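Enquirer: Take a look at what Swiss-Prot says about it:
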- THR5: active site (ACT_SITE)
- GLY160, ASP163, THR166: Na(+) binding site (BINDING)
Amino acid sequence: MFHGTTILCVRRDGKVAIASDGQVSLEKTVMKNTAKKVRRLGEGQVLAGFAGSTADAFTLFERFEAKLKEHQKNMARACVELGKDWRTDRFLRRLEALLIVADKEKTFILSGAGDVIEPDYGIAAVGSGGPYAFAAARALMAHTQMSARDVVHQSLTIAGEIDIYTNANISIEEL
């Protein structure tokens, strides 16, 4: 089973940034250090990141992008519809991945159970290093004036120093 990762999304001052580490592990072995787990969807208007099985995440990215097109780039509606499909489709129910998606206005976490969660604090984090990145981001948001981009970078750096499944090869996308 592929293990761990860290995806973090932060909103601040009208900007949204999403970041991931680059490590892919298989049991106790690092298989890749430079994986790109965040990307732009919906003609560049939606940011997305995944934790979990890579093949499953690509399947979900494709399904999510199809929902975005179907619902005229209404990200919230696309999330709800993908969540419904995830709960009812036998194939999708077997997928092991979590997604964070964000546009200029909203952020959602899509869980493997088909849940669609809009997180508090303007911060969303998933993966094995998610709790560490989330805590670091909350502290940085409360006690600094750092930009969203700088918060995700510094928070992932901290998570990578704590979580063995998170490395310091950070990819960031921003709107």
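From the backbone N, Cα and C atoms, a Cβ is placed for every residue, glycine too.
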Enquirer: Going by Cα-Cα distance, pick out whichever of the binding-site residues GLY160, ASP163, THR166 is nearest to the residue listed as 'active site'.
Expert: THR166
Enquirer: Starting from the Cβ centroid of GLY160, ASP163, THR166, which together make up the recorded Na(+) site, report each further residue of the same chain whose Cβ lies within 8 Å of that point, ordered by sequence.
Expert: GLY4, THR6, ASP21, GLN23, SER128, GLY129, TYR132, ALA133, LEU156, ALA159, GLU161, ILE162, ILE164, TYR165, ASN167, ALA168
Enquirer: Does anything in the same chain, at least 6 positions from THR166 (Na(+) binding site), have a Cβ under 8 Å from its Cβ, and if so what?
Expert: GLY4, THR5, THR6, ASP21, GLN23, GLY127, SER128, GLY129, TYR132, ALA133, LEU156, ALA159, GLY160
Enquirer: Secondary structure at THR166 (Na(+) binding site) (DSSP, helix/strand/coil)?
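Expert: Going by the DSSP assignment, THR166 (Na(+) binding site) belongs to neither helix nor strand, so it counts as coil.
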Enquirer: For ASP163 (Na(+) binding site), which residues of its chain lie six or more apart in sequence with Cβ-Cβ distance below 8 Å?
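Expert: Those within reach of ASP163 (Na(+) binding site), by Cβ under 8 Å and sequence separation of 6 or more, are GLY4, THR6, SER128, GLY129, TYR132.
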Enquirer: Between THR5, GLY160, which of the recorded positions has its C-beta surrounded by the fewest other C-beta atoms within 10 Å?
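Expert: The recorded positions THR5, GLY160 were compared, and GLY160 has the fewest Cβ atoms within 10 Å.
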